[in-house]
Structures are given as C-alpha cells and as structure tokens.
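Read through the structure below, which is laid out as structure tokens, and then see the notes.
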Amino acid sequence: MTDPVTLPDLLAMKRRGEKIACLTAYDASSAALQDEAGIEVILVGDSLGNVIQGQPTTLSVTLDHMVYHTACVQRAARRALVLADLPFLSYCTPEQAVRSAARLIRDGGAQVVKLEGGRERLDVVRFLTEQNVPVCGHLGLQPQAIHRLGRYALQGRDAESACRMVEDARQLAEAGAMLLVLECIPWELAQEITAAVDIPTIGIGAGRHCDGQVLVWQDMLGMSARLPRFCKDFLAGNAGVREAVSAYVREVKAGIFPGDRHSFGRDGP
C-alpha cells in the first residue's frame, strides 16, 4: 500500500509543480472510493450542512456533527490526508479553538483543521501552531460569513480587496498555516496568492493556477439541482462513481480542470 499522504508531501508537491487532488467526503464509503482513486486530501467540510442536512447555510453545523463525520471518513482514509472544518463560532478565541481542534483530532482523527478568515484569525492560527495543531486557512468567499456578505458571490475583484487578500495570505502563512483554501476569487488573484506563499493553495472556483483543487462530492457527481459555474459533473460520460473520481483526479493532475468555463476573471462575468 502506498504510504499515507503527509503535509511535507504536499509541500513537496507544490515545489515540484505537481497538482493536489482534493474532494469533500462525509462518510466512510465515499472516503474509501476517493482514497482508492488517488485523492491526496479529503476535506470533511461544514458543507455537510448543505448537502447532508439540507440546510440553506453551514451555520447550523456543530462541533459534534463535525467530529462524527470526520471519524467516519478517517476510518476509510488509508492514504489520503484528512482535513476537517472548524464549524461556525467554534474558534472565536485561541483557547476555544484549541479545545475544538482537540476534539476533531482526538475524537475525529483529523490531521489538519481548517478555519475561515484572514488577519483577524492570526492569533488563533499562531496559538494552534504553537500547540502542534496543523492549520489550513480559507480566504475568498467564506460561507460562515454569509449573513454579513448577504449572498454567495465572487470575492476580491476590486484592487483594494485583492491587495488585502494577498497580504492576508502572506500573514496566515507567516503565522503557521500549512495549507490555504481559496474560494470563488478571480483566477488572476489566485495565481498571485499562490506565487506569494510557500504553502500549497487549494482552489474552489479560483482557477487552474492553484496548487490543488477541491470540489464538493455531491457537486462533482452532478447530484446538486443547480451546479455552481466552477463545478463539473464528472459522472456524466463515465460508467460509474469510481470512474468519475478517477477522471477528476486525472484532470486535476493534468491541469485540465478547472478550465476557462469553470473560472472567474477580474473583468469577466
């Protein structure tokens, strides 16, 4: 069996220019399929609020929910690195964040925890890093901020917000973050951030120039009633789910996905 994927492996992949394939999973059977297909990172996302619980946002997801689903995924992930979201209001202070992370790691089996936010989260990222908790940042569209944002929309299109996001990325990396998710931002901005930091970037709706890509499992299989523009139905044209996951891995690795039709430009629609 191939050795388990580690954070140093992902850093080495960035240096080599090798793309990282990531998908969300919330249960053991999905995680097993992804693991067998060569997915390097499985994200147990708070998106389970949308696609598993049927909620309109991720805000109702609790730490107990995240621990349960992370444990389900971890049992089946023999090779892939397991990354788990810290849910809404579970990391308001460094002390609360480390307690929440302890549950995801001890009880859920996560290897990395993800949190949303930029410079306002630096104290939390530093404290977690000091306690040897690996952290993944999340910039761009932040679903946990939906009530402040008003709607799910492209972020970082204007010069001021783009410059702020680049600086946020640098500061998160300096504070100790080891991965960075970039969601729904112009591909030009994602390319700039990816070049500005030494840690791997994983994009969703952020173009092909990120170090890796992630999609929500249900979106990748075309199960959602309305697919976001940045998604592709990989089940269409393939014989089954296993083949669809393999196709996703191949296209990410080859730099085929995401294509222009799945990306946003600064001056585009």
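Cβ coordinates come from backbone N, Cα and C, glycine included.
Per Swiss-Prot, the feature Mg(2+) binding site maps to Asp46, Asp85, Glu116. Of all Cβ atoms in the shown protein chains, 22 besides its own fall within 10 Å of the Cβ of Glu116 (Mg(2+) binding site).
Taken from Swiss-Prot, the feature 3-methyl-2-oxobutanoate binding site covers Asp46, Ser47, Asp85, Lys114. When Cβ atoms from all protein chains are considered, those within 10 Å of Asp85 (Mg(2+) binding site) total 30, not counting its own.
In the structure as shown, the Cβ atom of Glu183 (active site, proton acceptor) sits within 10 Å of 22 other Cβ atoms. For Glu183, the entry in Swiss-Prot reads active site, proton acceptor, with the evidence type sequence analysis.
In the three-state DSSP scheme, Ser47 (3-methyl-2-oxobutanoate binding site) is classed as coil. Distance from the CA of Asp85 (Mg(2+) binding site) to the CA of Ser47 (3-methyl-2-oxobutanoate binding site) is 9 Å. The local packing around Ser47 (3-methyl-2-oxobutanoate binding site), expressed as other Cβ atoms within 10 Å of its Cβ over all shown chains, amounts to 20.
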